[in-house]
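Pasting a structure below so you can have a look.
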Amino acid sequence: MFYPDPFDVIIIGGGHAGTEAAMAAARMGQQTLLLTHNIDTLGQMSCNPAIGGIGKGHLVKEVDALGGLMAKAIDQAGIQFRILNASKGPAVRATRAQADRVLYRQAVRTALENQPNLMIFQQAVEDLIVENDRVVGAVTQMGLKFRAKAVVLTVGTFLDGKIHIGLDNYSSGRAGDPPSIPLSRRLRELPLRVSRLKTGTPPRIDARTIDFSVLAQQHGDNPMPVFSFMGNASQHPQQVPCYITHTNEKTHDVIRNNLDRSPMYAGVIEGIGPRYCPSIEDKVMRFADRNQHQIFLEPEGLTSNEIYPNGISTSLPFDVQMQIVRSMQGMENAKIVRPGYAIEYDFFDPRDLKPTLESKFIQGLFFAGQINGTTGYEEAAAQGLLAGLNAARLSADKEGWAPARSQAYLGVLVDDLCTLGTKEPYRMFTSRAEYRLMLREDNADLRLTEMGRELGLVDDERWARFNEKLENIERERQRLKSTWVTPSAESAGEVNAHLTAPLSREASGEDLLRRPEMTYAQLTSLTPFAPGLDDAQAAEQVEIQVKYEGYIARQQDEIEKQLRNENTLLPATLDYRQVSGLSNEVIAKLNDHKPVSIGQASRISGVTPAAISILLVWLKKQGMLRRSA
């Protein structure tokens, strides 16, 4: 039977991609349905209990700047907050928070259940309704059919998921959850390129069986960082430390002696695992010269005795896992409460997607999260938000939107996936962005919130706070530009005490702030320039904008040069065999990828700058040279 009410957008899956997609579509006023096999696992952290990190924290801030959920949820659930790379430049500083799994899940579910225009329904999906190469709905396991103008697939590791522990394996979506086999088979019938990937997770340890007294503690930062631009540290629950132990030669011997029982090394697992989150087996074999690896013992929550040993992801048999765990300092009597495992699952070639994350072959069908070949909650959340907002726009007969590489890490992520594809689980790093000085955590709202407002993602409260911050930045910069001190002034001595070289001529507040030895806090403690801003976010922007003004201006020039041809559109129906002068290799690659713009075409391996020039000349001659807004 058909459900009586049609929807604008259906989201399939309630993980980090699905929850952001559902919230985005509903915030934009579209009638949205979130289908999940279990309402109790909405926002579940399937692997590590943490949000953020290098590159990943940047994505979380961008999701937040667009009105998303993840940063708000972790502010309510984070039990240890740190700024990574705090001693380095602002471009690579990143926020990371240890999470209480239960509090995080509760925060996500509460937000979903209180979001207007959003209905949540518990049923696994087994089929899609596709008519004339357009998706028009979904069918659940009990045969209930839902109609919609757009469908977003965010099914994580559930498609034909298979768990491996040693040489034993069984079908599962993740530990404790069933796989989605009928939907996997249905999707394989569609004109989509499907492959397999794998990821893994470590065994969980009973904290009561660990001797923490012999281990080094790692505390969070004080003052505590905050993730959301709308958040504050008073929202954070109780803060707790993590602990550090190490593997040793005994650990490594155990692993080497049991490699024949590893499903990866025995050839049982075909899928490729994440390069930047390798199993302990991989680490021992790939870095054979190292006699130890650092392991972080991370609490899973304030009311849980489970510890997540970050760094020993493994699919070795359980008896070997016990030996590995007990070989490490402080863990000699440790008990495992959940075994580690590897999971293999279907993923779809993201080169078959438009930058909006809509399928090139099935109209109205969007893909987000691990099924696009990514790894990590943050990468999934960012894709979910983008897919959800574009599904909402499609259902409202509006054009799609995707950020440029120069605009957001989300733009880098999507462009990398849709242009280059991936053969291994993709994770975000700051090094992937060529314009990272412009794409900082601290300015994510300045880059994206205005666009979020135009798209209908940003509510009145966030918009008012954003504009207040902009006004504070502008007013303070004007104040510092127009406030001067001279070498003969009464306050010159006070100023000189903070300088490596004394004043030799008149200087404004901005002149002084540009000096590497002068911070904004120091400057505004001096009589001529006091008081400083109470708005900490605006104060941070003033300092960064002034100190890095020259570098930022130079990078902005680079972006503008690059954008001259970046946004030149390529017709979807263009047969590149018509373009004389292109090599057969370039023609084949362009016809295979069907890039949407010159910028995307230029990043395809083998497409040379000369080929791009030929293409631009041809487009001009044909009168087809046009740029996107």
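Backbone N, Cα and C define each Cβ position, glycine as well.
Below, the features straight out of Swiss-Prot:
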- Gly13, Gly14, Gly15, His16, Ala17, Gly18, Val125, Ser180, Gln370: FAD binding site (BINDING)
- 273-287: NAD(+) binding site (BINDING)
Please identify which of Arg275, Lys283 has the densest Cβ environment, defined as other Cβ atoms within 10 Å, among these binding-site residues.
Lys283
With every protein chain in view, how many other Cβ atoms are within 10 Å of the Cβ of Gln370 (FAD binding site)?
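The answer is 30 other Cβ atoms.
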Given the binding-site residues Gly13, Gly15, Val125, state which is nearest to Glu281 (NAD(+) binding site) when distance is taken between Cα atoms.
Gly15
Could you give the Cα-Cα distance between Gly13 (FAD binding site) and Cys277 (NAD(+) binding site), in whole Å?
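Given the Cα positions, Gly13 (FAD binding site) is 24 Å from Cys277 (NAD(+) binding site).
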